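If you look up TrEMBL, you'll see 37-95 marked as domain 'Chromo'. The annotation domain 'Pre-SET' is assigned in TrEMBL to 179-237. The Zn(2+) 2 binding site annotation in TrEMBL covers 181, 192, 219, 223. The Zn(2+) 1 binding site feature in TrEMBL is assigned to 181, 183, 186, 191. For 186, 219, 225, 229, the entry in TrEMBL reads Zn(2+) 3 binding site. TrEMBL lists 240-363 with the feature domain 'SET'. Annotated S-adenosyl-L-methionine binding site per TrEMBL: 251, 252, 253, 320, 321, 362, 390, in sequence order. Per TrEMBL, the feature Zn(2+) 4 binding site maps to 323, 389, 391, 396. Residues or ranges marked as domain 'Post-SET' in TrEMBL: 385-401.
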C-alpha cells in the first residue's frame with residue numbers, strides 16, 4: 001500500500017472538524033473536547049500588573065484560539081514543568097557556546113525563546129503519538145519508547161512499521177514448508193534442525209550456542225510442539241523493551257535497550273521490503289543521492305534478493321553501526337525453507353546493560369557480508385563512496401566500508 005501525506009495542517013483539520021461538528025480521535029477532536037477546553041501545551045509567558053500569564057494552546061483547537069490565562073487558572077503541573085524546562089534548556093545553551101544566566105523574574109519571554117518552547121511542545125506531542133503508533137502495530141509484548149533530548153527532530157515522515165517481511169509483487173516469502181517435526185518434547189532425533197542437516201541452535205536456557213555463519217532452523221507452524229518449545233525463539237518477536245533515541249554525535253536515531261540482555265540472547269529481527277537485487281541496485285543509486293540507504297543483501301545461498309528497510313521496517317531500522325558491536329547477524333528459517341530468503345535475526349554477542357545502545361557491524365563477516373555508505377543505513381557491498389565512521393569504538397576502522 002502507498003501512503004500520501006495530508007497537506008492540511010493539524011490546526012486546519014481541527015478547525016474543519018469543529019465547523020462540521022465531526023469527531024476524530026487521531027487529531028484530538030473527541031465528543032468531550034468539542035465543547036470543553038483542555039490545555040495541550042503552553043506557548044509563552046508574560047507579567048502584567050504583577051500577575052503572571054501563560055499563553056495557552058487548547059487541545060483540539062487551532063492556534064488562532066490561543067488565549068492568555070493567569071497562572072492560578074492553570075491546573076497542569078506537568079505542562080508547566082515542561083514549559084520551564086524547555087525555557088531553561090534554551091537559555092542554558094546560550095549563544096556561541098556560552099551559557100546565559102537563567103533569570104527567574106522576567107516580564108516577558110523573547111520571541112526566539114517562545115518559538116523554541118512551542119517547537120519542543122509540538123515535538124513532544126508528535127513523538128508521543130509516534131510511540132503510541134509503534135506500540136499499536138508491534139506484535140510482541142515488550143514496549144517501544146521514543147526519546148529526543150538532543151534536537152528538534154520529530155518522527156520520520158516516510159517510515160511505516162511492519163513486523164515481518166513485505167514482499168514485492170512476484171516474491172513469495174512463505175514457500176517450501178508443508179510438514180513439521182513430530183516431537184512431543186523438542187529437541188528430538190528428528191527435530192527440524194537435524195532434518196535440515198544442522199544442530200539445534202539453542203541450549204536448554206534458550207540461548208544461542210552455534211557459531212556465526214551457521215543457520216538457525218526453528219520449529220514451524222506444522223510442528224506438533226507447542227509455543228513453549230525451546231526451538232521457538234525468533235518467531236516470538238523482540239522480548240526486550242527498547243527505546244528509539246536521538247544520538248548526540250550526528251548519527252541520527254539509535255536504539256538502546258531498557259533491560260539487561262544476557263549474552264547469546266535473541267534481541268530483534270531485521271525486516272523490510274523484499275525486493276530483487278536488480279531493483280536494489282536501482283534504488284541504491286537513488287539512495288546514494290539522498291545520502292542514506294537501508295539495503296540488506298540476502299546472500300546466504302545466492303545474491304537474488306535484498307531487504308530494503310528504508311520505508312517499511314521495525315525497530316532494527318534505527319540500529320546504528322559499530323566496529324565493536326554488541327549484536328551479531330544470523331540467518332533463520334522457520335516457515336520458509338527457501339535458502340534465498342532467510343529471515344535475519346540479531347543476537348547479543350555479550351551481556352548488554354540496561355540503557356546501552358544496540359549496534360551491529362554493517363560489514364559483519366561470517367553471516368551476511370554488508371557494507372554501508374551512510375551513517376544511518378545499510379547498502380550492498382557494491383557501493384562506492386567511503387564514509388567516515390562515527391561509532392567511537394577503540395578498534396574503529398575509520399570508515400563504514
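Placement of Cβ uses the backbone N, Cα and C atoms for every residue, glycine included.
Where the annotation comes from TrEMBL, it is an automatic prediction and has not been curated.
Annotated features taken from TrEMBL, shown on the structure.
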residue : record                : Cβ contacts under 8 Å, 6 or more apart
191     : Zn(2+) 1 binding site : 181, 183, 200, 219, 231
223     : Zn(2+) 2 binding site : 180, 181, 183, 186, 192, 229
225     : Zn(2+) 3 binding site : 181, 183, 184, 185, 186, 219, 231, 232
323     : Zn(2+) 4 binding site : 361, 389, 391, 393, 395, 396, 397
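Taking the mean position of the Cβ atoms of 181, 183, 186, 191 as the Zn(2+) 1 site, the remaining same-chain residues with a Cβ inside 8 Å of that point are 182, 185, 187, 188, 190, 192, 219, 223, 224, 225, 229, 231. The Cβ neighbour count for residue 181 (Zn(2+) 2 binding site), using a 10 Å radius and every protein chain shown, is 24. Per-class residue totals from DSSP over the domain 'SET' (240-363), listed helix then strand then coil: 18 helix, 50 strand, 56 coil. Counting residue by residue with DSSP, the domain 'Chromo' (37-95) contains 23 helix, 23 strand, 13 coil. Here the binding-site residues are 183, 219, 396, and the one whose Cβ sees the fewest other Cβ atoms within 10 Å is 396.
The candidate set comprises the binding-site residues 253, 362. Of these, 362 has the most other Cβ atoms within 10 Å.
Around the Cβ of residue 390 (S-adenosyl-L-methionine binding site), a 10 Å sphere holds 15 further Cβ atoms from the protein chains shown. Listed in chain order, the extra residues whose Cβ falls within 8 Å of the Cβ center of the Zn(2+) 3 site residues 186, 219, 225, 229 are 181, 183, 187, 191, 192, 223, 224, 226, 230, 231, 232. Helix, strand and coil counts under DSSP for the domain 'Pre-SET' (179-237) come to 7 helix, 4 strand, 48 coil. Fewest Cβ neighbours within 10 Å among the binding-site residues 251, 321: that distinction goes to 251. If you count neighbouring Cβ atoms within 10 Å for each of the binding-site residues 192, 229, 320, 389, 391, the highest count belongs to 192. The S-adenosyl-L-methionine site in the record is lined by 251, 252, 253, 320, 321, 362, 390, and its two most distant CA atoms lie 16 Å apart.
By the criterion of other Cβ atoms within 10 Å of the residue's own Cβ, the least surrounded of the binding-site residues 186, 252 is 252.
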